[in-house]
Amino acid sequence: MIKQRTLKQAAKVTGIGLHSGKKVTLTLRPAPAHTGIIYARTDLDPVVYFPASAESIRDTQLCTCMINDEGVRISTVEHLNAAMSALGLDNLIVEVDAAEIPIMDGSSSPFIYLLLDAGIEEQDAPKKFIRIKESVRVEEGDKWAEFKPYSHGLKLDFTIDFTHPMITKEVRNYKMEFSAQHFIQQLSRARTFTFMKDVEYLQSIGLALGGSLDNAIVLDEYRILNEEGLRFKDELVRHKMLDAVGDLFMCGYNILGDFKAYKSGHSLNNKLLRAVLANENAWEFVTFDDKAEVPQGYQVTEQVFI
């Protein structure tokens, strides 16, 4: 049986909030089977809890942001979410003492190391997957994202299209068969990116105050401003795929299907997830009693826990 997973022990890290520029402490705590992923604002009295769900995402303007009915929010959850998805975590309490998850270096890599350092523990309950049964597609202008059935795991295909001399045709598309190893090696280190003109505007209205060359790739009209350059020649599209992995994990379950997207972002990713879940014929829950039946991308996950 493929079992649910949580952490062996709590883990804590302190970083900077991307928009506030202030110190943020993140604490990840183990949770019992069937708890799911629950975010919590511990700086508020009483503590405000946010169970992960597609519907909890109500702002996707600059990041993926959870907002409850009272207007309380937790921003920039996507990079941590992607790391939890990659490691197959099912049950976790995510405590944060601010309105946003720390940006760290702008990628998922610090969260991967934090989670692995705490240790992954299997629980005595079957792990549920969402399996796509019918094709679902959403569009916004020329942008689109879709899921199609794919029984062998999660297949990812993402294309970006920006007019910039550094973003040539050769680095606009990335494809990957999802697994913990592939995510860690190919996606986790890909950093968020932005354009200098956008940074200047956001900071003028009190946002992105924690943004810097230490936690984002910044481009001007002609070049990349980071002295160290890129971690991958196609780091930008890899990061967009990382974002999509995190956005799609807002349902709290690993998805089995074929995901393709063109110029998609947080808004369209969430729109696709909502469209899938709203169509009862498009998906089903599945568990695997026999490990031999598990899609290949999820058969090898245990290797990264050693």
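For all residues, glycine too, the Cβ spot is worked out from N, Cα and C.
Owing to the predicted nature of the structure, the values given are computational and were not obtained by experimental measurement.
Pulled from Swiss-Prot, these are the features on record:
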BINDING   His79, His239, Asp243  Zn(2+) binding site
ACT_SITE  His266  active site, proton donor
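Taking the Cα atom of each, His239 (Zn(2+) binding site) and the residue listed as 'active site, proton donor' are about 12 angstrom apart.
It is His266, among the recorded positions His79, His239, His266, whose Cβ has the fewest other Cβ atoms within 10 Å in the structure shown.
Highlighted in sequence order, Glu78, Ala82, Gly106, Ser107, Ser108, Ala190, Arg191, Thr192, Lys240, Leu242, Gly246 have their Cβ within 8 Å of the centre of the Cβ atoms of His79, His239, Asp243, the residues recorded for Zn(2+), and are not part of that set. Across the fold, the C-alpha of Asp243 (Zn(2+) binding site) and the C-alpha of His266 (active site, proton donor) stand 7 Å from each other. Asp243 (Zn(2+) binding site) has a Cβ environment of 25 other Cβ atoms inside 10 Å.
His79 (Zn(2+) binding site) and His266 (active site, proton donor) have their C-alpha atoms 12 Å apart, to the nearest angstrom.
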